[in-house]
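The following features are taken from TrEMBL:
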type	residues	note
ACT_SITE	A:Cys87	active site, nucleophile
ACT_SITE	A:His196	active site
ACT_SITE	A:Glu198	active site
Amino acid sequence: MKAGVIVFPGSNCDRDVAVAVEQVSGTAPQMLWHGDTDLPDGIDLVVLPGGFTFGDYLRSGAISARSPIMRAVAAAAERGVLVFGVCNGFQILTEAGLLPGALMRNAELNYLCRDVTLTVGTADSPFTRRYAAGETLTIPIAHNDGNYTADDDVLDRLEGEDRVAFRYAGAVNGSARSIAGVIGGPRRNVLGMMPHPERMIEAAHGGDDGRRLFESMIAAVG
Amino acid sequence: MKALVHVTLKPGVLDPQGRAIQHALEGLGFQGVEDVRAGRLIELQLADDTSDETIQAMCRQLLANSVIETFRVERA
């Protein structure tokens, strides 16, 4: 699998997710600078990592979503390349219009950094095929702005099209319909999620419930 | 010339920050605070020939997120 991790100014989970990709796939991803205008030829997977890019100025992810490389990411998503955004990466994908909705300040205004229980919403995606729908996972979160918001029509459409990848099992951050991760793209090839699966891929992390997400992507790419 | 862009949350969108401000005002003893909505004011210093359409485009493309926010432009 040919993977790339985009590094924005203020990304801070870029190396974590690169380690996860390498440990699970056996091949290190390329680190890509946000100011580049092209992605490497033949890329299979683009990862937008967590962080606090551009200091969360204006809105979380708003400035990064207008970075030069995002035009290439949008074009790749349209071609069916896997695009995976974690935490700030999810915020960037919504700001870029590659996923619907927006991530607002957590309902209780607290920065939340802890393990949460997730329910798998669908196994029908290149990111979740190694899970079973309804399965519960333990994955950590670490965010200020994870409160997923969209109007009812959009939420109904996401549910109707089976595009909710993950939900929080209990009240966490005020997200509409407890949504923690959303699928988009012409081939269900874009995923954004607030929790950090790259922090749960081996026993030393306290669990490996995030590992199968990476295995799913590798299996999907072949 | 200067343009003031007022960005506010759409009417129906819950505003956790506004609610926290409201609670803090109540904690200070102020009564009758029925609702608080927090927004953002962006001051743009622009070339004099900048068109309204251009300012509107700036708002739509970056300054406001149309999923959750509305904006109002005031030329100062």
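Quick reminder: no glycine exception, Cβ is built from N, Cα and C everywhere.
All protein chains shown were included, and the count of other CB atoms within 10 Å of the CB of A:His196 (active site) stands at 21. Secondary structure at A:His196 (active site), as computed by DSSP, is coil.
Listed active-site residues (A:Cys87, A:His196, A:Glu198) with a CB under 8 Å from any chain B CB: none.
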